[in-house]
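Colleague: The structure is given below, and queries will be raised subsequently.
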Amino acid sequence: MSEKVSQSDGDQPYLVIDNVRKQFPRRGEPPLTVIDGLNVAVEHGSLLSILGPSGCGKSTLLNMINGLDDVTSGRIVINNHVVSARSRSAVRIGVVFQEPRLLPWRTVRDNVRLPLDELNVSRDEADERVQRYLDLVGLGEFGDYFPLRLSGGMQQRVALARGLAIEPDLLLADEPFSALDEITARKLRREFTEIWRATGRTVLFVTHNIREAVFLSTRMLVVTARPCTTHMDIAIDVPYPRVPEDDRLFEIEKQVTKDFIQMEEAAAG
Amino acid sequence: MSTVESNRDVPLAGGPGTVPVVPVASETDLVPTPRRSWRGVWLRALSLVSLVAVWFIASLFFDESVLPGPIRVFGTLVSNLGDSETYFHLWTTVYRVVAGMLIAVVLGLVIGLVMGLSKFGEEFLDSWVLVAFTVPSVVYGILAILWFGLNDAAAIVAIGVTAVPAVAINMWQGVKAIDLSLVRMGQAFHFSRSAILRKLVVPQVIPYLLAALRYALGLSWKIATVVELIGLSSGVGYQLSYWFGLFNMTQVLAWTILFTIVLLLIEFVILKPTEYWLTRWRPSMQN
């Protein structure tokens, strides 16, 4: 099945992106390089955010991590499994998108259940898990509702429960709060860190929002525009629960913003 | 620099009785939806009663051979119901409509799916479907009788051919309206291809199929009675033409009303509840 990496647990990194490159072949032209040497390694239970300008090959990276596409060179390791399009069943990945992407004709409970049915989780186990994760996101009472009756923020919480209910090795969050209004997004960010801490899962969070990345993550990877390379790799050592008004967070945000703008200008000039 | 905080010391979510770590949502966070009320039922009843009242008043000014009153017509209707012939004719028409609809749904579904799923299919078929949709259904009736003779087959074929384009057009639009972001969600969660089709694609097309069915049904009744009227010796259309030939306006109206009642029964006993159940997730747009 999948290639096992020899090192066992302990404090070995849990998610490793090791010199990943991705090229797309083009007819009659040199191949298009989308990602050119991306590196990062985080421990189990980290919240790693990836911050980059739009068009930075983010969806390509997410596809490769999710086993929907292969790297051209380098490797991605999750929980000691090398990820590839062939070995994708070895690693379980939950996804939360920018929009909730719930099935409007299924109840909240059946939406969270949907991926569990695909994984052949037993009926009792699935019932119990669905309820547990709905409780966790504060929607325990709303299992029988249809998604369109819920507010945007609640729908996004259902999507989060769906991503967590499969008990993934890694949760991919693809700008999950960027389509919400700022007040709701702010509330959900705080809840998100609480839920993440309660589950102990490793999360990869993609965003364009510097403040969001700083507020949420234990580690932050700033990447350049195409071809995507590592620009900065910052650990954010501020204990949780955090408050958005924390001066330390604000300092980091200021620093990253300054650097980000310089990077953009360098790319443009 | 890199001392990433480990969260392993935090108790993991698990075990029975998970305590929410976030504020629990309440009813007030819901999007409000209008309540279903009995007002609609009353309004419909009122509208029906006022129509009968207008009819009654109008009938006072006309001769019975032109516009018989509601009491007389309903009396005839009830006495018709005592006659087994009535049920035979009703059933004959219903049978032809259902058989024709079956043809229409199968053919329309296939054509609509081909048009929705393939560019080639769309370009090859779309003008024909639109032409077939525009041709008056009486033409199909006449052609079917010419080719198949004065029998059930003619009626069924005419009904089927009339309704095919309506079903095809609806399915074509339905397939084009599929929300691909849900399909991508399924791919991201590594659903099998068959699960994506069964659980994410087909349910999105069902409301369109339902709309197609209702529309096709409305068309089918009309063409069924027309074909029966032109050349068949059974069915509701035949009865209408028979009584029209005798200038018996009371029977013409009695048959029209009986037929309408059957249609309404099918609408409210079969179609409406099915539609309501299948689309119960959709908040109403009206208020």
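A Cβ is built for glycine as well, from the same backbone N, Cα and C atoms used for every other residue.
Worth saying up front: this structure is predicted, and the values here are computed from it rather than measured.
Below are the features I grabbed from TrEMBL:
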type     : residues  : note
TRANSMEM : B:41-62   : transmembrane segment
DOMAIN   : B:90-270  : domain 'ABC transmembrane type-1'
TRANSMEM : B:94-116  : transmembrane segment
TRANSMEM : B:128-148 : transmembrane segment
TRANSMEM : B:154-175 : transmembrane segment
TRANSMEM : B:196-217 : transmembrane segment
TRANSMEM : B:223-245 : transmembrane segment
TRANSMEM : B:252-271 : transmembrane segment
Colleague: Would the transmembrane segment (B:41-62) count as touching the transmembrane segment (B:196-217), i.e. at least 3 C-beta pairs under 8 angstroms with sequence separation of 6+?
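Modeller: When sequence-distant Cβ pairs are counted, the transmembrane segment (B:41-62) does not touch the transmembrane segment (B:196-217), since fewer than 3 lie under 8 Å.
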Colleague: For the transmembrane segment (B:94-116), name the stretch out of B:41-62, B:128-148, B:154-175, B:223-245 with the most CB-CB pairs under 8 Å.
Modeller: B:154-175
Colleague: In the same chain, who gets a Cβ under 8 Å from the transmembrane segment (B:154-175) while lying at least 6 residues past its ends?
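Modeller: Residues 96-97, 99-105, 107-109, 111-113, 115-117, 122, 125-126, 129-130, 132-133, 137, 140-141, 143-145, 147-148, 204-205, 207-209, 211-213, 215-216, 219-220, 223-224, 227-228, 231-232, 235 contact the transmembrane segment (B:154-175) from elsewhere in the chain.
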